[in-house]
Amino acid sequence: MAEPGPGGEGEASPAPKKRRVAGGERYVPPPRKLSTGVSFGPAHFAETSYYFEGGLRKVRPYYFDFRTYCKGRWVGRSLLHVFSTEFRAQPLAYYRAAARAGRLRLNEEPVRDLDIVLKNNDFLRNTVHRHEPPVTAQPIQILVEDDEVVVVDKPSSLPVHPCGRFRHNTVIFILGKEHDLKELHTIHRLDRMTSGVLMFAKTAEVSKRIDEQVRERQLEKEYVCRVVGEFPENEVVCEEPILVVSYKVGVCRVDPKGKSCKTIFQRLSYNGKTSVVKCLPRTGRTHQIRVHLQYLGHPIVNDPIYNMEAWGPARGKGGKIDKTDEELLKALVEEHRSKQSLDILGISEEDLNSGAENKDCGNSSDCTKSTRADPIHESSCPAEDTEDPERDAKDPERNDVAACPPNSDSDLETLEKNKELGSCENQDGQTGEKSSEEKDPLCAECKITRRDPSPKELVMFLHALRYKGAEFEYCSKMPAWAMEDWEE
C-alpha cells in the first residue's frame, strides 16, 4: 500500500511520542522532513536471508512494510473508498482481513474501521508478505575498491538497486550483506539483464564529481554484445531517436518523437551465425544499444524484449512494427507468459492485473511522479539501462511492489484466527539449505508454484566492458560468449 515517495525508506515515520487531543479527535502528526542520502543498514539486511538452488540465488519470503503519507486527493475520502478506487489489485475483503490481522495502521494505530475519513498528513502503513524473483547465483566480482569508489563486475539478471519486485536480490543489498559495503552512492546504472562494469562512490563528494562527468558526457563507455547475423565490417553509426513505450514492462522503440541519441558500432568477429560487436554509446538513453541494434536488423541474440516474435517477422528492423503500442505490449507479455518467463521481464501476473499501462510514471525505474496509477502497482523495475543524465535520480529504495491478492474470501477469513504472523521462515542465514516455510493466508504467491528460470535464461549477451573518465579507467574481462571462437 505505498505510492513511492522520493525518499523511499528514508521517508520518516511519525514520531512515536503522542500528543494529547480532545476527546473523540484523532491526532494527525505533522509532516516529517524526508531524509537525504538514504542508506541501508543492519535492520534492512536482516529482513531475510539468501539460499542457493539450481544455479540461482533465492530470497526467503519475508514481511515488509509499505509506508506513505496521505495523498492530497485522498483527503476527505474514507479509507474504504481509497482502497476500492485506487488499490484495485486487491478485493475489499483483503483489506478487511488485513485490518483484522493488524497489518493496516494509520498514524501507527491499528485500523479497525475502514470507513475512517483520511486527513492531511495521515501516515499509512501496510505490512505485506513479499516474494522476490530468483537471480543468477554467479557472485559479484569486486574489480576495484579504494577510499573513493567500489567498482564491480555485475552479473546479468541483478538489478542495481531495490525496485519493483526486487530488494534483497540487488547489487546494493548483496554488497551490503555479503561484503559489508554500505552507504554506497549510485553513479550510473545498468539494465538488470546487462552485465559488466558498475561504479559506486563511497562519498557524496566523489559521487558529485563523477556525476558531473556523466552529465557533461565526459564519460567514455564501451560495451560488447553478440548479435544475430553478419554485422557490417565497416563502422556503423545509429542516431535514431528513442521513445519509451512502457515504463512498467520496460519497452522502447525508435520514433521521431523520441529522445535524440547516438551509438557507434564496430564488428569484432563473426562465426558464421552471429557477430560480436563493440558498442560506444555517446548518449545514455534507456535500452539505447538494444533498440539501435534491433533497428539495424541485428538484435542481441538472447534479448528477452527486442529479439522476440511479438515484433513481427522483421523483429523491428528499420522501425517497422505493424502493431500499435498496446498490441505490441500485449504480444510481448503473451509470448513470455506462454513460455512461463514473465520473471525474465521482472513482472508478475499481479503486476499485469493491476490495471492499464502507467504512462504517467516520470522516469523509467525511478517512477516517482505518477499521480493516477494504482499506488501499489506503479512499476516493476523495467528499464535501468545506462545512465541517462536526465533521469539518474539517486533514489536507492522504492516502495512499489504489490501486496499479493488472495485467492478467495474464505482464505482471508482464516486470518481472524491467526493472532501471530511470525516470520515466513526460519531465518538461519544458511545457504544451500531451504528451511521450512510458513504459508501466509493473505499471500497469493504462497499458493503458486512457479517455474524457476534456468541460469542460461538469466544471461543476456550485452556487457559493459570499460568505463573511462577524466581520472580513472575501469575494465572487466571479456565474457566467454564474446570470444571469437565461441559457439552456442
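From the backbone N, Cα and C atoms, a Cβ is placed for every residue, glycine too.
Just so you know, TrEMBL annotations never went through curation; they're auto-generated.
Predicted, not measured: the structure shown is a model, and the values here were computed from it.
If you look up TrEMBL, you'll see 1-10 marked as compositional bias 'Gly residues'. Taken from TrEMBL, the feature region 'Disordered' covers 1-30, 353-442. Residues or ranges marked as domain 'Pseudouridine synthase RsuA/RluA-like' in TrEMBL: 149-294. For ASP191, the entry in TrEMBL reads active site. Here TrEMBL flags 391-400 as compositional bias 'Basic and acidic residues'. The compositional bias 'Polar residues' feature in TrEMBL is assigned to 424-433.
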| said: As a test of reading the model: what is the averaged pLDDT for the domain 'Pseudouridine synthase RsuA/RluA-like' (149-294)? | reply: 94
| In the domain 'Pseudouridine synthase RsuA/RluA-like' (149-294), how many residues does DSSP assign to helix, to strand and to coil? | 28 helix, 55 strand, 63 coil
| said: Please give me the CB contact count at 10 A for ASP191 (active site), counting all chains in the structure. | reply: 24
